[in-house]
Each structure stands twice: as structure tokens, then as C-alpha cells.
Amino acid sequence: MAAAPAAIPSLDATFGAMFIGVILAATLYGVTCLQTWSYFRDYPEDTWRIKTLVLAVFISDTVHQALITQSVYEYLVTHYFDPTYLGLINRTLLIEVLFNGFTAVMVQSYFILRIWRLSKGKLWLALPVVAFAIAQFLVTIIYTAKGLKLTGFDEMTDVVFQALSISINGTTVATDVSIAAILCGLLHGSRTGFRRTDNMINKLMIFSVNTGLLTSIDAICSLAFVVAFPHKLIYVCFFFCLGRLYSNSLLGTLNFRKVFRENTTHEDSVSGGVALGTMNRGQTSVNALGQCGDRNVQQTMQDIAIKIDTTKEYATDHDSDYHRAIHRPDVKHDASFQ
């Protein structure tokens with residue numbers, strides 16, 4: 001008498017969650033493609049370093065999307081109705097973790113560099129975030145290396161492996177929250193007392209929070225499901241989307257410059273600009289302008305910038321993304337930061 005075929009286990013909380021994660025990640029990847037195209041179209045004069053970063057993030061994101069798609073296809077199509085294969089770990093399912101880590105560390109490095117520049121090189125502000133980011137990437141490498149030695153999903157419930165999974169998501173949250181908090185603190189400290197300038201700084205603070213909010217929420221959800229359901233793959237639904245959220249936070253920040261510049265240069269305001277972090281509270285804006293003008297001309301920073309004009313003339317170069325402090329006799333105050 002022939003043996004009865006093995007029963008197909010319930011896939012809702014395992015490969016069902018993985019399938020949903022691939023769909024969501026693919027949707028976000030479409031947004032990434034659109035934002036990447038918009039960036040190269042609108043910012044041809046950006047430095048080669050920024051362009052290389054954008055290209056590297058896009059390639060890493062593309063490889064990650066290909067890997068997770070191949071993994072799900074392998075499980076649900078190639079080995080359809082093969083319950084024994086469902087318990088095995090596809091190698092691409094582990095390699096994709098590494099590319100998620102690549103994307104994360106590249107984007108985080110960009111924001112850390114912004115913190116360092118906006119704080120005028122204060123290492124004590126940047127170093128804690130650097131430590132979190134390095135820890136996250138190292139844990140990701142260790143997780144991938146250990147995972148490649150495993151054969152079945154049941155081995156991933158090991159205490160050490162679970163601790164690594166929790167550490168990846170925990171350090172992700174710590175890094176992103178730290179970046180958003182420090183950027184907001186720097187922006188808050190740049191307030192000038194002028195209502196229009198402060199309103200724009202408030203908008204930038206909200207934008208800075210939002211850039212790290214989605215990745216933090218996603219990592220928290222992934223962390224929660226790893227802890228609550230260690231024997232299921234529900235957390236994968238969120239983890240698959242993490243790299244896509246990172247790439248879109250970077251591209252959103254870079255592409256936001258054009259929108260922000262268009263909104264500010266078509267308004268009549270009351271002055272010129274001070275570079276963020278270059279004016280101490282005891283300085284007058286005229287003195288601060290004189291001190292930071294030459295520096296701004298030499299810098300090729302690609303961070304968020306504000307340009308607020310206080311005369312009826314507009315002192316914004318629409319053909320350049322480098323916002324410089326302009327010292328003219330008829331301008332008493334200038335508020336720009338990069």
C-alpha cells in the first residue's frame with residue numbers, strides 16, 4: 001500500500017507573510033525607481049560622490065528585490081506541493097539580509113555625515129550614531145554568516161540566532177531614532193527669532209523626523225514579531241521592506257531640495273542667510289554672515305538647504321544646488337543652511 005503524501009503545513013504565518021512582504025517591497029521598489037529617475041533628472045550638477053551613493057543604494061535595493069523574489073518563487077512555484085522543501089532554508093533568503101544591511105549603512109552614513117557637518121564637526125554628537133550603525137552592520141554580517149551554515153528553519157529558533165535577529169532590529173531603531181533626534185536638535189538650535197525663518201526650520205524638523213520615522217516603525221514591528229512569534233516568519237514581511245524604506249528616505253531627502261527651494265524663492269521675505277550652526281547666540285546675523293560666507297562658497301555639501309530672501313530681489317541661483325551666503329549692502333540678514 002502506497003504511503004500517504006505528506007500534509008502541506010499552514011502557510012499563512014510563514015510563506016504567506018513572506019509573499020506579502022515581497023509584494024510590498026516591490027511596490028516600494030517602484031517608488032525607488034521613480035525617485036532615482038527624478039534625482040538624476042533634476043540634479044545633474046550634484047557631486048560625483050552623491051551620485052555614486054544614489055547609484056550604489058539603487059543597485060543594492062535592486063539586488064535585494066531580485067533575491068527575495070527568487071526566494072519566494074523557489075518555495076511557492078518551483079517546489080510547489082513539496083512540503084519537505086518548505087522546511088529548508090534557501091540561501092538567497094539569507095544573502096538578502098546582507099544587502100539590506102548594505103543599503104542601511106550607506107543611507108545612515110549619509111545622514112551621519114550631515115550631522116557632523118551641521119554640528120561643525122562635533123564628534124561627540126556623531127560618534128554614538130556611528131557606533132550604532134557599525135554595530136548594526138556587524139551583526140548583519142554575523143547573522144548572514146551563521147545563517148548560511150544552517151539547513152532548516154527550525155534551527156533559526158536557536159537562542160543565539162534569535163538574539164542576533166533581535167540585535168539587528170534593535171540597533172536599526174537606535175540608529176534611526178538617534179539620527180532624527182540629533183538633526184531636530186541641530187535645527188531647533190538654529191532658530192533666529194524671525195517667524196518666517198523659524199516656520200521653515202519647523203518644516204525641516206518635521207521632515208527630518210519623517211525620514212527616520214518609517215524605518216524605525218518598520219524595524220520596531222519586525223522586532224516585535226521576532227520576539228512574539230519566533231517560530232513564524234511574520235517579521236519577514238516587515239524586514240523585506242526595510243531596505244526600500246531606507247533608499248526612499250535618502251532619495252526623498254535629496255529630491256526635497258527642489259521642492260523646498262521653489263517654495264521659498266517665490267515668497268517675499270525679510271532678509272538673507274546664516275549657515276546653520278555657524279552663528280552663536282551672541283553674534284549678530286551680519287557678523288555671522290561675514291564669518292560663514294567664504295566657507296559656504298567653498299563647500300560642496302548636498303544637504304537640505306534653506307534660502308530666505310529679505311529684499312524684493314531674489315538672491316537664489318535657480319541653476320545651482322549649492323546655496324551660498326550672499327553679503328550685500330542692502331541685505332541685513334541672511335538665513336541659509338546646508
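Glycine residues also receive a Cβ, built from the backbone N, Cα and C atoms like all the rest.
Just so you know, TrEMBL annotations never went through curation; they're auto-generated.
It should be emphasised that the depicted structure is a prediction, and the values quoted were computed from it without experimental measurement.
TrEMBL annotations:
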type: DOMAIN; residues: 173-258; note: domain 'DUF6534'
type: TRANSMEM; residues: 15-40; note: transmembrane segment
type: TRANSMEM; residues: 52-73; note: transmembrane segment
type: TRANSMEM; residues: 93-113; note: transmembrane segment
type: TRANSMEM; residues: 125-143; note: transmembrane segment
type: TRANSMEM; residues: 163-187; note: transmembrane segment
type: TRANSMEM; residues: 207-227; note: transmembrane segment
type: TRANSMEM; residues: 233-251; note: transmembrane segment
Report, as numbers and ranges, every residue of the chain located at least six residues beyond the transmembrane segment (15-40) whose Cβ falls under 8 Å of a Cβ in that stretch; write 'none' if there are none. 51, 54, 58, 61-62, 64-65, 68-69, 71-72, 75-76, 86, 232-241, 243-245, 247-248, 251-252, 254-255
Other than its close neighbours in sequence, what residues sit by the transmembrane segment (52-73), given a CB gap under 8 Å and a spacing of at least six beyond its ends? 15, 18-19, 21-22, 25-26, 29, 32-33, 36, 39-40, 90, 92-93, 95-96, 99-100, 102-103, 106-107, 110, 240, 243-244, 246-247, 250-251, 254
DSSP-assigned states of the domain 'DUF6534' (173-258) in counts, ordered helix, strand, coil: 75 helix, 0 strand, 11 coil
